[in-house]
């Protein structure tokens with residue numbers, strides 16, 4: 001059995017926040033696969049289904065982000081699961097929008113939801129060795145801007161890459177059930193344009209950058225560059241006259 005937990009804050013006022021991208025991913029998985037209706041249990045909204053022959057429990061903790069571990073730990077104890085059975089989906093400031101990374105174990109990176117889960121996983125065999133799916137939301141640039149940034153809504157310009165990312169995660173979730181994490185990341189990168197994507201859906205190909213045309217020049221400079229050098233005679237009457245005219249010495 002696999003438990004997929006999407007992190008976020010409950011309530012309509014948070015629904016479109018960057019911090020709620022984990023909830024968004026869980027909702028898209030729910031929509032694209034056969035799951036039971038959402039029900040309230042373990043201080044969460046949960047739904048169960050089967051993906052590629054693997055029983056999957058979707059969990060959206062309703063405890064608010066900072067207490068996510070309470071809900072997830074309760075569900076895992078009920079189903080007698082270990083951290084190896086857990087995948088947590090959450091927002092990552094240190095990845096550009098549209099990037100995705102999966103890693104087993106590691107630190108919290110300052111994410112309060114992950115801090116809470118790490119604390120509750122200490123009572124399980126395997127501790128913090130659960131899979132973490134980080135979805136890039138970008139960084140506002142200064143530490144003091146982070147709070148309002150993560151609790152702010154995605155801009156309309158983000159919808160293109162956000163919809164593509166959510167769809168790719170949901171469509172390829174069977175790879176997570178099979179523990180094919182590298183193949184999953186490769187598939188997402190392809191869906192997002194080989195991973196070379198800037199915020200706002202603008203794709204950048206390194207090969208194209210290397211072959212970029214020179215900067216535009218003014219028509220005067222172009223004319224000067226294309227102008228042929230005059231053919232000045234070096235000897236004869238004309239050469240002598242030019243020397244006198246220009247004051248050129250031998």
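Glycine is treated like the rest: Cβ placed from N, Cα and C.
112 is the only one of 37, 112 that Swiss-Prot places in the tRNA site (with 14, 64, 66). Residues 14, 64, 66, 112 are recorded as binding tRNA; their most distant pair of Cα atoms lies 16 Å apart. Residue density at residue 91 (site 'Stabilizes the basic form of H active site to accept a proton'): 24 other Cβ atoms are found within 10 A of its Cβ, drawing on all protein chains shown.
Over all protein chains present, the Cβ of residue 66 (tRNA binding site) has 12 other Cβ atoms lying within 10 Å. Measuring Cα to Cα from residue 91 (site 'Stabilizes the basic form of H active site to accept a proton'), the recorded positions that fall within 10 Å are 19, out of 9, 19, 64, 112. Taking each of the recorded positions 9, 112 in turn and counting other Cβ atoms within 10 Å of its Cβ gives the largest count for 9. Listed in chain order, the extra residues whose Cβ falls within 8 Å of the Cβ center of the tRNA site residues 14, 64, 66, 112 are 9, 19, 63, 65, 67, 68, 113.
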